Amino acid sequence: MGNRVTRGDFEWVYTEQPHTQRRKEILAKYPEIKTLMGPDPHLKWIVSGMVFTQLLACYLVKDLSWKWIFFWAYAFGGCINHSLTLAIHDISHNVAFGNKQARWNRWFAIFANLPIGVPYSASFKKYHIDHHRYLGGDSLDVDIPTDFEGWFFCTPLRKLLWLFLQPLFYSLRPLYVNPKAITRMEILNALVQFSIDLIIYYLWGLKPVIYLIAGTILCLGLHPISGHFIAEHYMFLKGYETYSYYGPLNWLTFNVGYHMEHHDFPSIPGCRLPMVKKIAAEYYDNLPHHQSWIRVLWDFVFDDTLGPYSRVKRLCKLAKES
């Protein structure tokens with residue numbers, strides 16, 4: 001991956017991200033992959049079913065004791081909410097209605113946001129573009145932990161705490177690393193979200209609202225599905241900054257585990273990423289990948305060589321907006 005020097009404890013590189021060149025090579029060799037690009041016709045129906053399932057759950061949990069509220073939030077509702085955040089990830093690439101219907105995608109992401117309990121979709125879209133364009137970019141890619149996170153969360157107990165607090169760091173880090181002006185879509189996202197929260201509170205009381213928000217916080221933190229946060233870009237092997245996971249949890253997460261394939265072809269919906277791997281097998285089969293997100297979390301906590309600093313960083317020039 002080129003020459004490296006140490007600055008802090010991140011792995012600094014001075015080469016382009018690997019996905020750009022691999023994309024060019026694969027498309028030159030397998031132009032049929034272009035046919036996989038475009039909207040997923042099933043995504044809007046799957047997401048709608050998940051949203052309405054959570055609204056039904058709000059009614060069903062309204063009279064439960066608090067211990068069962070938190071149990072079902074972690075074991076059931078939070079899993080759906082985490083899956084919805086990954087649906088929003090796909091929708092941010094316009095795969096619900098296609099690139100020509102960008103506004104429909106934005107509004108549908110706000111709809112998918114409803115069970116999450118807090119406004120998320122519009123802000124995610126704003127920063128996720130930079131994650132792809134400037135992967136590992138210093139002060140641009142807010143997926144990279146801060147120096148404080150790398151310095152402080154360096155022991156097993158502290159790393160465990162850091163995993164639990166991941167939702168907090170993902171929410172606050174952009175405000176420190178790469179603050180941007182609040183957009184009109186973010187305001188609309190917040191107005192719609194808090195209106196729905198108030199309606200749920202008015203209809204069924206506080207417990208359903210807590211069920212939704214607690215599920216989001218718990219299942220974006222220390223939870224098996226959250227292994228994907230660490231699996232995707234933390235450097236388990238020197239020289240490799242993106243990893244895929246091909247295990248069964250992809251069924252619940254819109255194939256977010258096919259992460260090398262996704263960064264190579266972000267306009268291909270998750271449901272078709274396995275086809276990318278199948279067509280261009282020689283490009284992916286020999287790359288390191290993960291077999292278990294639970295094992296990823298275990299190794300991250302207890303392996304002294306892993307921590308928030310285990311990320312590739314690079315200096316990137318700002319691209320001109322078209």
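Including glycine, each Cβ sits where the backbone N, Cα and C put it.
Just so you know, TrEMBL annotations never went through curation; they're auto-generated.
Here the structure is a predicted model, which means the values were calculated and not measured.
Note on TrEMBL: of 107-124, 161-178, the range annotated with the feature transmembrane segment is 107-124.
Most Cβ pairs under 8 Å with the transmembrane segment (107-124) belong to 187-204, among the candidate stretches 68-87, 187-204, 210-231. Within its own chain, the transmembrane segment (210-231) is flanked in space by residues 54, 57-58, 61, 69-70, 72-74, 76-83, 85, 115-118, 160, 163-167, 170, 197, 200, 243, 245, 249, 252-253, 256-257, 259, 290, 292-294, 296-297, 300, which lie at least six positions past its ends and keep a Cβ under 8 Å from the stretch.
For the transmembrane segment (68-87), the residues of the chain that approach it from at least six positions outside its boundaries are 43, 46-47, 50-51, 53-54, 57, 61, 112-113, 115-117, 120, 124, 207, 210-212, 214-220, 223, 225-226, 252-254, 256, 270, judged by C-beta separation under 8 angstroms. Regional average pLDDT for the domain 'Sphingolipid delta4-desaturase N-terminal' (5-43) in the model is 91.
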